[in-house]
Amino acid sequence: MAEQPPGPASPPRSTASAAGRLLGFVAPTGLLTGIFYYFGYVSARSFYGYFGIPLSALGLPASHYFIQTTDTVFRPLAIIAVIALSILVLHQLVDVRAPTLARRTARTIHRGLVMVSIVLAAVGLVGLYTGKGGALCAASLAAAAVLAEYSLWLGLRTGMLSALVATLATARAEIRRGILLAVVVVAVFWGVTDLAHDRGLERARIIESTLPFQPQAVVYSVQELSIPGTGVQMQRLPAAEGGAIYLYNGLRPLVYAHDRWFLLPKGWKRGNGDTVVLVRDTSDHVRVDLAPGK
């Protein structure tokens, strides 16, 4: 009896396919990380800029920007997640019922989506051109891109599109979706920039209004430092061998970076002429102690 020839070997797992799946996971993760970092950077820039400190003078590590993000980004992310889940559920319902929808109903829904996407796109573009509207206009632009794609899908699903439009929509689908995705990404970064900037200013104004109740920074020095500022007081304390120690209170710590204390007078107000006090922590002649606020 003749032996049967061996069957064809199963094709090896496609490396390109595995790489594609890995890229599909890594790309959104990298985008989200970039958004978090950028959010923290913009928030920190507006926060310290309110006090007249450029970020280049601080040299903050990347971890600081991520920490800046944590107290702000989770609420918007939770809202976006709830909205996305609601849209997914609604889409499933529409997908099931789309083939059985009455033509008049399908036409009404399709036209409504088109009109809403046009209005939202107009709002977003006006905000982009004028620089006003902030996160609301950014959200409008992103929603317009999503609704435009969804209206095309619904039109194809229900047969509402003409033959020419349907052919064009299916022939260049990848290019169209890539462009719409780019619009969504740009809108997200735009909205993130405005939210982060506003959040940084909000935190700075809270610090400004509560400075008298913030933790104290007490500066000791063997030399007179002549620290200016509203509410700053100096005391000359006797020291051994006939010397003196100068004590400065009425200061509030803002940030510590690169062996330097950035201190604010407790009466600091934006525009009142007071400046941020820099005290180096690298000398044996200067010491900074912290104490609870009064």
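Using N, Cα and C of the backbone, Cβ positions are placed for all residues, glycine too.
Model, not experiment: these values are computed from the prediction.
In TrEMBL, the annotation transmembrane segment applies to 47-67, one of the ranges 47-67, 215-235, 236-256.
Listed as Cβ neighbours of the transmembrane segment (178-196) (distance under 8 Å, sequence separation of 6 or more from its ends, same chain) are residues 31, 35, 38-43, 46, 72, 76, 124, 128, 134-135, 137-139, 141-142, 145-146, 148-149.
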